[in-house]
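To start, the structure under review is shown below, and the notes come after it.
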Amino acid sequence: MKGSPVLAVCAAALTLIPSVVALPMIDKDLPSSISQSSDKTSQERAEAVKAAFRFAWEGYLEHAFPNDELHPVSNTPGNSRNGWGASAVDALSTAIIMDMPDVVEKILDHISNIDYSQTDTMCSLFETTIRYLGGMISAYDLLKGPGSHLVSDPAKVDVLLAQSLKLADVLKFAFDTKTGIPANELNITDKSTDGSTTNGLATTGTLVLEWTRLSDITGDPEYGRLAQKGESYLLNPQPSSSEPFPGLVGRTIDIETGLFRDDYVSWGGGSDSFYEYLIKMYVYDKGRFGKYKDRWVTAAESTIEHLKSSPSTRKDLTFVATYSGGRLGLNSGHLTCFDGGNFLLGGQILNRDDFTKFGLELVEGCYATYAATATKIGPEGFGWDATKVPEAQAEFYKEAGFYITTSYYNLRPEVIESIYYAYRMTKDPKYQEWAWDAFVAINATTRTSTGFTAIGDVNTPDGGRKYDNQESFLFAEVMKYSYLIHSPEADWQVAGPGGTNAYVFNTEAHPVKVFSRGC
């Protein structure tokens, strides 16, 4: 059963059974009009994802709540995100979208009791912003809007905003630097930092959506102004050598001078969500963030011209290379695979067919990294440099078009995320099939008795070593995107061609309400 593309379980049995989360049986030999386009099939799949979410939530609730995450092999709690209950806060927007009032109430009660001024560990401004601040602001927007029926006491919703303000006030000393570029690693108890003189492109450039939204809701401009000041150095990069191609910049910034220290260009970890937020800020408010859009367009066009790459053995696949010191790096990874969805969003909002076409090519390439492995799950890292193929992977590279450089999978969402965008832009049911196959593979290989765990090797049939960790983004992202692609139209769904987005997803998949003059 492990590694199989479909678990043959009766479609009616959408409850949990001891060994697996029950999934509807899909006959791959049926005509596509039945197996791919049936509303009944989509409903069954959405319910199966919802059942998997509840299974993981109950395991976390029993063995780890109110800690940050569950270690789902040893069934012990972990606190990698300051002990404030990251899995609960990250799960909230998904529980709202899945219409789970009991889960929503439990998390709201928990959030009301968090003391964000207290922690025993260093605090990441970036991670705290995207998971905690983004999770609470998103839930506030949703529960004040399409999810309002889920909460009987409006005061519980107002607590989300109050706690968001308290958290931002705890964190804002990070911006108290000579340039306004924030420090990332913070000791919030004594308002000190780890002493680093640099910050990263993504960790600096992935704050502006959440902090701006907080200002817009509250009417206090301070929060957005802080994030936008740090961002301003990224929009006007210096020195010129740090921008080897128009719009594409290095990933390390000097906090004291605002100057970039390198020219390493990537859409992967360390850089990724800076580019992601450039176009998303324009989706959020076209009136204020036109320059962000212009920089994204410039970066996107340069990416197509300079970084687009295909393996020598699979010219049908498209990946995005890295660049530094005059040389392309023919390597990528799971984190980079958000890029297809980001290009598709840009194509939709700007009516640019070239971005849409390239986005679909990237989705195809990243899905191929899933389809080729023994588990049908993609690896953390991969390459396609024909001069660097490991001897043991020569045949694999010939057939797959890539070789694995880092074999683990820690429940990352980016491939399913981009497949979701592809479906929203095309309504081609093949993307629902791809997302379903990925979800089934994750369920088959990473599931434990209480949740889902990171695995050591996606190219061994059982996934290899179980790493005994369940990241909070399983709840926020993997489950949400897997559910949304099979779900009916709703305000929070990404708009297709010609449509208008009512929400924009932060990098942790928390939907933030698009700005309007009435907020």
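Just so it is clear, glycine is given a Cβ too, placed from its N, Cα and C backbone atoms.
The disulfide bond recorded by Swiss-Prot for Cys337 reaches one of Cys366, Cys519; that cysteine is Cys366. Over all protein chains present, the Cβ of Cys337 (disulfide bond) has 30 other Cβ atoms lying within 10 Å. Counting only the Cα atoms, the space from Asn187 (N-linked glycosylation site) to Thr507 (Ca(2+) binding site) is about 24 angstrom. For Glu380 (active site, proton donor), applying a Cβ distance below 8 Å and a minimum sequence separation of six or more within one chain yields Gly333, His334, Thr406, Ser407, Tyr408, Tyr409, Asn410, Arg412. Considering only the recorded positions Asn187, Asn443, Thr507, the Cβ with the fewest other Cβ atoms within 10 Å is that of Asn187. In sequence order, Thr336, Cys337, Gly340, Gly378, Glu414, Val415, Ser418 constitute the residues six or more apart from Cys366 (disulfide bond) in its chain with CB-CB distances below 8 Å.
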